[in-house]
Every structure is written in C-alpha cells, then in structure tokens.
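> Encoded as structure tokens, here's the structure I'll be asking about.
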Amino acid sequence: MNFAIFAFLSFISGSIPFGYWIALRFGKMDIRKFGSKNIGATNVGRSIGWKFGFPVLVLDVAKGIFPVYLSGIYIPEGGVPFQLACGVLAVLGHMFSPFLGFKGGKGVATTLGVFLVLTPIACFGAIFVFLVTIKYFKFVSIGSIFASLTLPLVYAFSSILLLHEEVSYWILGTMVFISIGIILTHRENIFRILNRSELFAVKNEDEERNGDSERNRR
C-alpha cells in the first residue's frame, strides 16, 4: 500500500501547476494564452518577469527532487527502480496535470530535479549543454531538446570514465524514455523554429510591444 500511496503522491505533487498559478496570482493572466502558451518558468519569466519566473523554475525542479529523494528514504526496499518510477510519475504529472484538464508543461525542469538526486554529474553536463546551446541558438526550446538528448550520453560516459561505475540500465532506460517524452512535448516549438516564428530566450523589442498590447487588451 505504501508503494501505491507514494506513487500517487508523486503524480499529484508533479501535477501542481506552479507557473499557471503564479502567473494568475501575480500577473493576472492565464499564462497558457501568452507567449509560447507554456506554463513553465521560461514563459512566465518572459511574460511577467524573472522575479516570478525563477521561483517557478525552482518549484518545478523541486517537484522532481522530492518524490525521488523521499521515496528513497521512506521506501528503501523499492530501490532505484521505485525512485525512478516516482520520478517518471512526477514528470508525467507535470505534463498532464489534472488541475489543468490533463494538460501541462514540457517537463524539462522536473526531469532535472529527478536526476539531480540520482545522477548529479550527468545533470550538470546536460545543464552545460543547455546553456551553450541557448548562447549559440538563442532558443530555450533548442537548449531543452539538446540537453534531453545528451543527458543519457553524459550519464553513460561519466559513469564509465569519471566515476568508474557500472551503468545502471534502469537509469539509462528511464532517461531515454523521458527524453523522448520531452522531445514530443516540444513538437510545436520545432514547427515554430522551422517556420522562424519561435520566441527567443530573451524578448526583443517587437515581442515586448506585442506582449504589452495583448495585456492592455485584456
């Protein structure tokens, strides 16, 4: 029963739409109707300021950290496979939140939280790829896709070459599974990139004016 309860709580905690609620409370807006229409930290930061976007980022990462960390403490007999299951459920909760009609965010920050507990070195490598990609391409979506693709590779190479540990196929397989999910949640971003209509990581002047006009019409 403890396994089922913890699994349920992992999904529910992951489904808490912090970005949506914070934008609604402090920005007086439905964030799903502005910018990229995503509930994540980037869209919140771009739409109402990073003093709100950064807390959303921290909270979304925490949604991945706590289910994995606490399941390892309170249900140690479940081992890494159960920790991963709780992590996957948290990510799925973020992507398919019952609070938002089973729609949600991309799952990138929550995925980061999951693997920060289990494989921090791999996460730091993926964060580095994310930052370099954004620096070069100027799109958060491309950074997220590249980071999710490289996370399993960084994990495998860091385990073998740096930590001299055996690669856990539970962890590697879960990384691949979630990475595929993250890429699928970025389908619209990919289409916008191909159409040259994707929003930049930092607003330019035209986007700023358009955003102000949208808010003024509300």
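Each residue, glycine too, has its Cβ placed from N, Cα and C.
Pulled these from Swiss-Prot:
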TRANSMEM  3-23  transmembrane segment
TRANSMEM  53-73  transmembrane segment
TRANSMEM  82-102  transmembrane segment
TRANSMEM  112-132  transmembrane segment
TRANSMEM  142-162  transmembrane segment
TRANSMEM  166-186  transmembrane segment
> Per the 3+ Cβ pairs under 8 Å rule, pairs at least 6 apart in sequence, do the transmembrane segment (82-102) and the transmembrane segment (3-23) touch?
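The answer is yes, given that the two segments have at least 3 Cβ pairs within the 8 Å cut-off.
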> Are there residues at least 6 beyond the ends of the transmembrane segment (112-132) whose Cβ is under 8 Å from a Cβ of it, and what are they?
60-69, 72, 80, 83-84, 87-88, 90-91, 143-144, 146-148, 150-151, 154-155, 158-159, 162-163, 171, 175, 178
